[in-house]
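Right, one structure below, let's go through it.
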Amino acid sequence: MYVFETYLDLRQHAAHKLPNLPKTLEGVISQEKFEKSRAYSIDKSNFHFIHEFVTIVMDSAILLFGVLPWFWNKSGDILESNGLNAENEIYHTLAFLGGVMIWSQITDLPFSLYSTFVIEERHGFNKQTFWLFIRDMIKGMFLGVIIGPPIVAAIILIVQKGGPYLAIYLWGFMFVLSIVMMTIYPVLIAPLFNKFTPLPEGELRSKIETLASSLEFPLKKLFVVDGSTRSSHSNAYMYGFLKNKRIVLYDTLIQQCKNVEEVVAVIAHELGHWKLNHTMYSFIAVQVLTLLQFGGYTLVKNSKDLFLSFGFDTQPVLIGLILFQHTIIPIQHLVSFGLNLVSRAFEFQADAFAKQLGYAKPLRDGLVKLQEENLSAMNTDPWYSAYHYSHPPLVERLAAIDEADKKAD
């Protein structure tokens, strides 16, 4: 997978270096923005090559030298030295995961710091201070310590007691967990990192509420999030179940799209996903894939050969899940590729939906503005984008909007 994806990365790197805009974007994107976008994309690409190389070397070394089984045994020794029972699989697993979390933070920290405070800073995107960065990291670790143990304990108990219906029980647990997390994340967790305030009364709020009402979208709350405290990148999203929907706008989106109609067009696109049931279809697809994945795990969870091949002389539940994930990485990437194809089709449909509502021009202008302000890649390799992108490149989206115009004419 590393060799294949590096080949695609090289193709995309070559596309970043192209000196001219795609013909579709000539006269649409300024030369100044193109040069800035090109420099930003090349910087990120160079960094990506280094990060991926270091990652594959570390992962390969961990497998080759048996670091995982060594650390599993060492975590048991640490438990016993502190008067705890290493035979208790839940305690043992939590000690193991605690060490893995610390190791991951240590090894990933230099890359996160460089990405944030060198690359993003150099190109004018980073807005957070070093202490805000550290505070966010500590909050994330704290949440992991609070939320992780009950989930890990539940998974271990389900596997131990699940019997022939293990896959269904695991899927049911993860289904309920996903619903709970989607419910509490925007209310309890997201506010720990960002400030959410109601969108002030005015033309923008009025037009969004009118649009939502015309589509019978059950909008309950409309927020602005202070994304600008960390980055000048922009976005918008919606969340909620049944009759309790909320829309969140990044303050940077409002700042960048000074024309109210452009912001409303972006929201019309998002509402298109809801109206066309894209969110529901995606959720169902994820649930089916999760069930199939757990079904595959139940077939190999008692395989001594699987554990021995990775250096384990015991068969801990969570280790079995980790090893199973390692073995099906190629399949996961194929599935991800298929989901990306579906997602890209959904994006075209949502664009067409916004166009049918009369937002063709503001949507086009808004997409161009977001592309410019975020310095997104202007030239994309078709193989790379087909494999990695869940959203079509701007060139393809504009072409689809224009093509619809030509057909109408």
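From the backbone N, Cα and C atoms, a Cβ is placed for every residue, glycine too.
Any TrEMBL annotation is an automated prediction that lacks curation.
According to TrEMBL, the domain 'CAAX prenyl protease 1 N-terminal' annotation covers 15-195. According to TrEMBL, the transmembrane segment annotation covers 53-72, 92-119, 140-160, 166-188, 280-300, 306-324. Annotated domain 'Peptidase M48' per TrEMBL: 198-403, in sequence order. TrEMBL lists His269, His273, Glu347 with the feature Zn(2+) binding site. The feature active site is assigned by TrEMBL to Glu270. Taken from TrEMBL, the feature active site, proton donor applies to Asp351.
Taking the features listed in TrEMBL, we show where each one sits on the structure.
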residue	record	Cβ within 10 Å
His269	Zn(2+) binding site	24
Glu270	active site	18
His273	Zn(2+) binding site	19
Glu347	Zn(2+) binding site	21
Asp351	active site, proton donor	25
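The list of residues near the transmembrane segment (140-160) in space but at least 6 beyond its ends in sequence, with Cβ under 8 angstroms from a Cβ of it, reads 89-90, 93-94, 97-98, 101, 105, 166, 169-170, 173, 177, 189, 192, 301, 317-318, 320-321. In this structure, the C-alpha atom of His273 (Zn(2+) binding site) lies 9 angstrom from that of the residue listed as 'active site, proton donor'. Between the CA atoms of Glu270 (active site) and Glu347 (Zn(2+) binding site) there is a gap of 9 Å.
His269 (Zn(2+) binding site) is 6 Å away from the residue listed as 'active site, proton donor' when you measure Cα to Cα. What surrounds the Zn(2+) site, by Cβ distance within 8 Å of the Cβ centroid and not counting His269, His273, Glu347, is the set Glu270, Gly272, His278, Phe346, Gln349, Ala350, Asp351, Phe353, Ala354 from the same chain.
When pLDDT is averaged over the domain 'CAAX prenyl protease 1 N-terminal' (15-195), the result is 92.
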